[in-house]
Amino acid sequence: MNQIQPRPKRRLFGTDGIRGRANTAPMTAEIALRLGQAAGLLFTRGDHRHRVIIGKDTRLSGYMLEPALTAGFIGAGMDVTLAGPLPTPAIAMLTRSLRADLGVVISASHNPFEDNGIKLFGPDGAKLSDETEAEIEALMEEDLSGRLAAPSALGRAMRLVDAAGRYVESAKSSLPRGLRLDGLRVVLDCANGAAYKVAPAALWELGAEVITLGVSPDGFNINHECGSTVPSALSAAVVKHRADLGIALDGDADRVILADERGRIIDGDQVLALIARAFQADGRLSGSGIVATVMSNLGLERYLGGLGLALHRTPVGDRYVAEHMRAHGLNLGGEQSGHVILADFATTGDGLIAALQVLAVLVREGRPASEVCRLFTPLPQLLRNVRYSGASPLLSPAVTAAAAAAEARLAGIGRLLLRASGTEPLIRVMAEGEDEQLVAAVVDELCAVIEAESAG
């Protein structure tokens, strides 16, 4: 049985930066200012001119958080480069390209507009480690008044006017030179989010016919009945327009979900399988495996095994996938939810670049997506959340015994995962296996035991 314990808890930072309801702690202007000061002080190392890149998605609250962060960084002595609405992977790329000390993205990813978040990237374009985030939190608790920049050492702010074009060119360069998408009709749903300009531009410049959805952000409609978490509109549009492929991004475009020409959804596991096969055939896959999380389907693991590839599993969160990839020299990883990290081209999940790799396979093989993108049959998988109060019941004797019994029933035909949520008082119970009825029974029984332990 896999039992995944949460990383050491921090007060503000979760698995993907700081996130919450806009204008409510921790997503207030005051906390954003404090964060800018603390992170700025931590990353003003050496005697060069220090710089931070700030990007955002299309939420209304971005207009509140962006100037607050800017003021904090300037007060710490850092120059601020404002990139405007751009995908998360674009900010990671620009952080490296501009030799910045830090990158900041203001986004709550796939969440509704009422939420917002802040995530930080180091000079290498990678998300900050848990330890570095803990250092920032500790600084935020201190009196920083005597450590901020002198009047003559304050930073400056400027806008990077060609930020979008730089990212479009970077994404296009992930395809082999000379490969074009002429003749392909693509439906693209940008979730009224950060990629609403750059993703259509990249596909159009590569020669595809692009039918767009979710490209009219108004500050309120990000992820609203659109994007990768609500792919039904994408599926319908693909069928209506007889498109070759549908591409749905989320609000900050770091994840992607696809639809084949029949409108059937293709999740992140299937995308990983396809890219792994293509990269292995081309000799571009580094190492002898790829990285995914504990949530990826056992069907993916078995398919990769047939190719002679291992599936390395990490806790949930694309940052942990990326860390494992770097530690083991692997260049492909991702999550079932659609985060796909191609380390040869990006340091974090990039929905557009992942979609381009799939389109490249369609061009080369000349077969429909329904044939190319369905390389394995997922095993039945069931996930249920159990809310508890008080102490976590995860390690109670009754739950441990019930989990061991469930694992024995799934031996050889499936697997079981129990993990505590890192952000809510929830126990996540996931089982998958060849027998759908058995999977459902195992989850029902375990949830009942957890609920009884919590109530007791």
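In case you wondered, yes, glycine gets a Cβ from its N, Cα and C as well.
Worth saying up front: this structure is predicted, and the values here are computed from it rather than measured.
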The Mg(2+) site in Swiss-Prot lists D250, D252, D254. Which one of S97, S109, S392, S396 belongs there according to the record?
S109
What count of other C-beta atoms do you get within 10 angstroms of the C-beta of D254 (Mg(2+) binding site), across all chains shown?
33
For D250 (Mg(2+) binding site), what residues in its own chain, 6 or more apart in sequence, show a Cβ-Cβ distance under 8 Å?
S109, H110, A191, G193, N223, G227, S228, T229, V256, G338, G351
Mind telling me which of the recorded positions S109, D252 has the densest Cβ neighbourhood, counting other Cβ atoms within 10 Å?
D252
Taking 8 Å from the centroid of the Cβ atoms of S109, D250, D252, D254 as the cut-off, which other residues in that chain fall inside it around the Mg(2+) site?
D57, P87, T88, S107, H110, G193, A194, L249, G251, A253, R255, G349, G351
Where does S109 (phosphoserine) sit in DSSP terms: helix, strand, or coil?
coil
